[in-house]
Amino acid sequence: MAPSSRWSIRLFFLWILLIHTAGLYLFTKGFLLSRQILDSKSHCSDPPVNLSRITTPTSDTSNTTCWTQPIFSKAIILLIDALRHDFTTPQPTSPKPYHNALTVLHETASQNPHNALLLPFIADPPTTTLQRLKALTTGTLPTFIEAGSNFAGSAITEDNLITQLRDAGKHLVHLGDDTWGKLFPEHFDPRLSRPYDSFLVEDLHTVDDRIYEHLLPLVRDKAETWDVVIAHFLGVDHVGHRFGPAHHEMQGKLYQMDRIVREVMREVDDETVLVVMGDHGMDENGNHGGETRDEVRAALWLYTTREVWGVVGSGGGLVPVTGLVERDTPQVDVVATLALLLGVPIPFNNLGRPIEEVFVGVEGRDWGRLVEVSALAAAQVQRFAGEYENRGGEGLGLEGEVWEEVEVDWEDEVALRELYEKMRGYQSRMLEGYRRVWAQFDLLSMVEGVMVLLLGVGVLLCFQVDAGRAWRLGISGVVVGIVTGVVAGVGHVALADSVRATMEGVILGAAVGSAVPYIWRIGFGGCSQLKVWDWQAVMFTLLLSIGFASNSYTVWEDRVVLVFLSTFGICTLGESQRQYATGIRGAHSLLFMLLNRVASLSQACREEQLPFCSTSFYRLENNAVWRLSIPVIILMAVLYTTRTALEDLEVRNVFWFKVCMPVALLCNAAFWSLETAHEQGWLGGILAEDTSKVVRMTVARTVLVIVLVGLGAAFTSTSGQRLMERRLIFTTAVLLVSILAGNPTGGLSLTILYCQLISLRHLVCNSSIKPTIAALLGTLHFFSTGHNATFSSIQWKTAYIPFRDPQYPLSPLLVIINTFAAPIVAACAVPLYSQDQSQARLLAAHSTVYTVWAVSTAAWACILRRHLMLFAIFCPRFLMAGGLMVIVDVLALLSSY
């Protein structure tokens, strides 16, 4: 390929990348809107409701009143990250390690119901820690797109409980997860606070142990001045991420939490409320981020040495009183509850209501107190709703229910109870209403994004029809481009209601103005000459795209792709009967189908697939013998497959294939053997914890260095080195780092993928279908490496394989490689299917498949934007398709060197 031709190909794929990026930007801007944040704040001097009678409980904690008199002057909040509710409920016959370990919460709530309450604490998805902390302090609902900021916390600017406590003169102390310091800078006492890095997933004990070292002395030392202590423990969450909840490490961690809670209980005085809560739960694999029952169901425990809590209707004595509340409690309710307990204003944006057991009194009949606090919360919600609508937000049509004035006979228990039920219903309707309203969309931007992505498909198809006319547009083409670009840009500015309308108009105009003349000049005339294999590729791509309109079809995508690949295998088997060397081609076809079936045996089921799916991926990962034997199988299989691929090449780079690859594969095997030995505790008497980590990091970094050598060889042209050999070096280098970034089971799946990709060269003579089959193989093995189109399936611990602490941008890059390893390896192998004259067309065909999938998922998400499963199924699948499209574009650009 001539240098000038190579440069034109590079410019073409760079242009495609820019068009796709523009389309994704426009669509996501309209699809993933965040809620409008109000800067209004609540003040003691301006309560939201004028009560004609103030019910004042007996309390000597304070002589001042802000909205209502406080019950406590101090609080200790122990936030146990990922404390799932069933971790706190004893199951005497259960053998699972997370049962019967943290027993103190259930024990005290059942034995002392007026001192302790245990409630199911329900999180609103996304169940990522940063979004949960925002909800637990502001009392509002994070939107879906905010999950993307889970690792880039910035200061909370809206009204929140922490700021209200600081403004009330409370001395705040924070221990543990350093996310609190990022969200609330300059709120905590720097002399007493101890923040620690929250992303060291490999470290199970350091943060919790250091919190313990500082927490108990702080609470015991009466000379220290503090009013609120927040201790955020991370060990339970880290055990879940690393081993899953069913591992014996979880039992030890929960025993530790039980011991710490008991010790803190002994130090609590009458003026202090002790709170233990989880910010979210975890699924059966220890992950979180989605909306399954196990992920959203955390635990909340409230404790005081005074008898304060009660249960509605317990005054008659007919039913035994228990502090084990079965009613689901939204997490936003804790904000109003703590604010009223500590005597500070409820944050302005709060949508929660007071927890009734906290305020109903010991006898369960203090309706006056319950109405008082509920009226304050309901009136504040109404004040927020009015301000939100005045600022341009959408109203809920509940304006007729006014709580600014509360007139009621405070001696009439029946009337008070009826009023309370009305306020409770009003707040529930408001909360549900805003859950619905904040799924808002900008339809204009969404349609424009889909249109630009469709133009990207058109450009790629035209390139495959006639790549030689790529830049010969002529004067007429330039005129068409200018006119269409100006019309699109000006039209957007005229129709859009956005402060960035001009910039978005320029982006839209540039994308449309560059794509339309190219398509107009070349056209789709060559598409009429498609052959049988071409039509099969088209059908596979379109059928999968159409299927994304169905939530069931999307959930079972792995099985659908397996059917497509099996169909292709059968077709190649039939084709082999008419070809030369029938036995060899037939064997390749049978091997291809067999490997498909073997790969499909590894799966990590998502909630929607249960009970018709059984997770095997993590079960295999917990088998030590399997983990030790698989790296050896990977080593032999990769070397044999590479030797097969080199049979028709005169190898010049003997150093890479004969030295670097075997050494890297040996290092991979050594790393996973050491990792398995460490997790099983076999190295306890041989290597110290730190030494073991250093050895593993050194081995992993050796692999990364070898991979860099391979990438350098692939991108450096030497005398006599064939282009196909460089392509194979590039593919194997990417394969090596992908195996390292995965785990033994994932590595085996990638090895099977590599064997299939090499085998694909011999299945059919026609190369036009091979990019589509490579994309389908990448999709199949995406699922078999333990992933799904869900946030909770992301394997975050990959970021720490070669590092002790997070290293940017390498740690995020390793997570991306782990997540999309199969599609990445498949994309790198596409140039191996043809000589250099047509490799650009193969890369374009491969990119077309992913672009069509991205267009279809975007279009269906737009059309089904009010579907019940939008954010559970359709949105994650669109994000996956969009991310893969960009990754494949980047790889096509790199492969066109």
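Each Cβ is built from the backbone N, Cα and C atoms, and glycine gets one as well.
Sequence annotations record features per position, and here TrEMBL assigns transmembrane segment to 12-32, 443-463, 475-495, 501-520, 532-556, 624-642, 694-716, 728-753, 773-791, 812-834, 840-863, 870-894 (among others). Annotation source TrEMBL lists domain 'GPI ethanolamine phosphate transferase 2 C-terminal' at 617-881.
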Inset, instruction - Give me the mean pLDDT over the domain 'GPI ethanolamine phosphate transferase 2 C-terminal' (617-881), rounded to a whole number. - result: 88
Legend entry - Contact set, same chain, for the transmembrane segment (773-791): CB under 8 Å, 6 or more residues outside the stretch: 126, 128, 147, 289-290, 537, 540, 554, 557-558, 561-562, 564-565, 568, 596, 599-604, 606, 617-618, 621, 742-743, 745-746, 749-750, 752-753, 756-757, 760, 819-827, 829-830, 833, 846, 849-850, 873, 876-877, 879-880
Legend entry - Segment proximity, the transmembrane segment (812-834) to the transmembrane segment (870-894), 3 or more C-beta pairs under 8 Å: yes
Legend entry - Same-chain residues near the transmembrane segment (694-716), Cβ under 8 Å, at least 6 residues beyond its ends: 653, 656, 660-661, 663-664, 667-668, 670-671, 674-675, 678, 687, 726-727, 729-730, 732-734, 736-737, 740, 801-804, 897
Inset, instruction - Taking the transmembrane segment (12-32) as the first stretch and the transmembrane segment (840-863) as the second, find out whether 3 or more Cβ pairs fall under 8 Å, excluding pairs closer than 6 in sequence. - result: yes
Inset, instruction - Kindly say whether the transmembrane segment (443-463) and the transmembrane segment (812-834) touch, using the definition of 3 or more Cβ pairs under 8 Å where each pair is 6 or more positions apart. - result: no
Inset, instruction - Using a Cβ cut-off of under 8 Å, list the residues of the same chain at least 6 residues beyond the transmembrane segment (840-863) that approach it. - result: 9, 12-13, 16, 20, 24, 27, 31, 441, 443, 446-447, 449-450, 453-454, 456-457, 460-461, 463-464, 467, 537, 541-542, 544-546, 548-549, 767-768, 770-772, 774-775, 827, 830-831, 833-834, 870, 874-875, 877-878, 880-882, 884-885, 888-889, 892, 895-896
